[in-house]
Amino acid sequence: MAEVKQVERPLSPHLQIYRPQMTSFSSIMTRITGNGIIVGVLLLVWWLLAAATSPAYFDFVNAIATSWFGDLVFTLSLLGVWYHYLAGIRHLIWDTGRYMDIKTAEMLGWVCIIGSVVLTALTLIIIHL
Amino acid sequence: MRYLTDRKRAVGKGASGTGTEHHWWMSASAVALAFMIPTWLYIVGTTLGADQQTVIATFASPFPAILTALIVIVGMQHFAKGTEVWIEDYVHGTAGKALKIAMHSLAYVIMATALYALGKMVFIGLLLGN
């Protein structure tokens, strides 16, 4: 009666038969940004370690961190942080049961995308003042 | 025959096997990070590109040091537990378990490295008399 049966189930997001839409796109982007940020974290922690190690090692890592490659990694990470930030707040709001209707949910997807670009630009402007 | 009923086995578990514990922890750490991230981005953003002495002086001072430690401790656990979600979706069985262990290990290595660097910069700061 109460036996556990192992059933072959399909993988969760049925990407092959799933039409791309704002809700699914903004959801997958939350995952991609959340995981992608780790590249920026690695470079930043490496830079912190170098600062604590020696002048020669700091010069070496700092040159990478402040090169075009470092700028690219940190700017994309910043964009990823802000997207993940807004998408996370969206989930906290959804968890209260609010704004779950499709129209509002799609609108919140646009808020995450446009908002992350705006906040990234604002951050870059403020830190360069 | 088992004497546990279906309901007894199911209550509080769900697809994850651990009930709502994971989701609740992610929500709580997300709120903590949301409060800390903007200020931390400002500190890091304004220190990146500075010379080594300025970097050490910045991260040796109390507020940036404590905030960075908090970001790394809470953030890396949030990352490690967050990766579990997509691993559970796409990678199954032993490979999935191995990948989860690898992601948790990576998170803890980053956490320990950052805390070591912070500690050493605080120490250097003390020697330099900041």
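Quick reminder: no glycine exception, Cβ is built from N, Cα and C everywhere.
Record features (TrEMBL):
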- B:23-43: transmembrane segment (TRANSMEM)
- B:55-74: transmembrane segment (TRANSMEM)
- B:106-128: transmembrane segment (TRANSMEM)
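Within its own chain, the transmembrane segment (B:55-74) has Cβ neighbours under 8 Å at 29, 32-33, 36-37, 39-40, 43-44, 47, 110-111, 114-115, 117-118, 121-122, 124-126, 128, 130, counting only residues six or more beyond its boundaries. Away from its own ends, the transmembrane segment (B:23-43) comes close to residues 58, 64, 67-68, 70-71, 74-75, 77-78, 81-82 of its chain (Cβ-Cβ under 8 Å, at least six residues beyond either end).
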